[in-house]
Amino acid sequence: MAGEEVKEIDEFEELGFEPATEETPKKKKKEKIIRSIEDLPGVGPATAEKLREAGYDTLEAIAVASPIELKEVAGISEGTALKIIQAARKAANLGTFMRADEYLKKRATIGRISTGSKSLDKLLGGGIETQAITEVFGEFGSGKTQLAHTLAVMVQLPPEEGGLNGSVIWIDTENTFRPERIREIAQNRGLDPDEVLKHIYVARAFNSNHQMLLVQQAEDKIKELLNTDRPVKLLIVDSLTSHFRSEYIGRGALAERQQKLAKHLADLHRLANLYDIAVFVTNQVQARPDAFFGDPTRPIGGHILAHSATLRVYLRKGKGGKRIARLIDAPHLPEGEAVFSITEKGIED
């Protein structure tokens, strides 16, 4: 009997198992190391291919996705999607608590793009921030698109001159992008205009669905340039709300419009945070018929946009061709105003 028992144990060990005895306790199963999306639980080759095709090709991209998004693109259950996201967050070290002093150090790594105006830069805490959405709204001719053109040039400067050595993605919804204006600003700031134009990638959006699709496609260009000497550091949407405003008319369409706008803004936030880029959007205004005192204008987009934009700046015309920028909302800055001019250099004091 003893011989048979030894034989059974030997056969057990030949299969690659170690018998658990009092002297040799059972070994704990090693936790799987997750380095790519294929390593995530519930992600097989077919699911991984679907995720990659939809742009979810990194742990970070999956970690900041919603279960409903993954469910739709990968054809999986919402429960499986949630487990995949939770595993990605753990592997990418996202969604965990951080001490405030450590968060302050992280904030110190945020880049800033000069607007070309020292007074406006001061108002914004040093310029347009990466990892944030900056919304500028105002009436026609207030300087929104001029500021966008200036930023598209300034971001290409080295950090010591107010830039980030970066490229630009520009989503144009109103046919207002002008390469001639970019050339003029670049020339008057001592830059090679042809080189500046080479690092601006422009797409015209013809409706709100196309606009949202272009934001998704922008991620491909961001990834393509990520490890080059000119990574994308600025994404401009000029204007953010024009298509949504014209396509969804009346109170009956308001809920659907706001849902789509919220999804659009969530996509922009994800790109800003995931790839350390500055998102700059312009917005239109409308008159408030019930306003009897003060400025009767208000930005389009309602509470959805008000809560989604990190910084909100209101532009208006001043005397003598000057423009006045008022910081309406920012989580870390006080309200205030700055005066600037629009010249052949773009925006300046």
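A Cβ is built for glycine as well, from the same backbone N, Cα and C atoms used for every other residue.
Feature list (source: Swiss-Prot):
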REGION    1-32  region 'Disordered'
COMPBIAS  7-16  compositional bias 'Acidic residues'
BINDING   Gly138, Glu139, Phe140, Gly141, Ser142, Gly143, Lys144, Thr145  ATP binding site
**OP:** For the recorded ATP site, enumerate neighbouring residues of the same chain (Cβ within 8 Å of the Cβ centroid of Gly138, Glu139, Phe140, Gly141, Ser142, Gly143, Lys144, Thr145, site residues themselves excluded), in sequence order.
**Re:** Gln146, Leu315, Lys317
Original post:
So for Glu139 (ATP binding site), how many other CB atoms are inside 10 Å of its CB?
Top reply: 16
**OP:** With a 10 Å radius around each C-beta, find which of these binding-site residues (Gly138, Gly141, Gly143) has the fewest other C-beta atoms nearby.
**Re:** Gly141
Original post:
Since the record lists Phe140, Ser142, Lys144, Thr145 as binding-site residues, which of them has the fewest other Cβ atoms within 10 Å of its Cβ?
Top reply: Phe140
**OP:** Return one of helix, strand or coil for Gly141 (ATP binding site), based on DSSP.
**Re:** coil
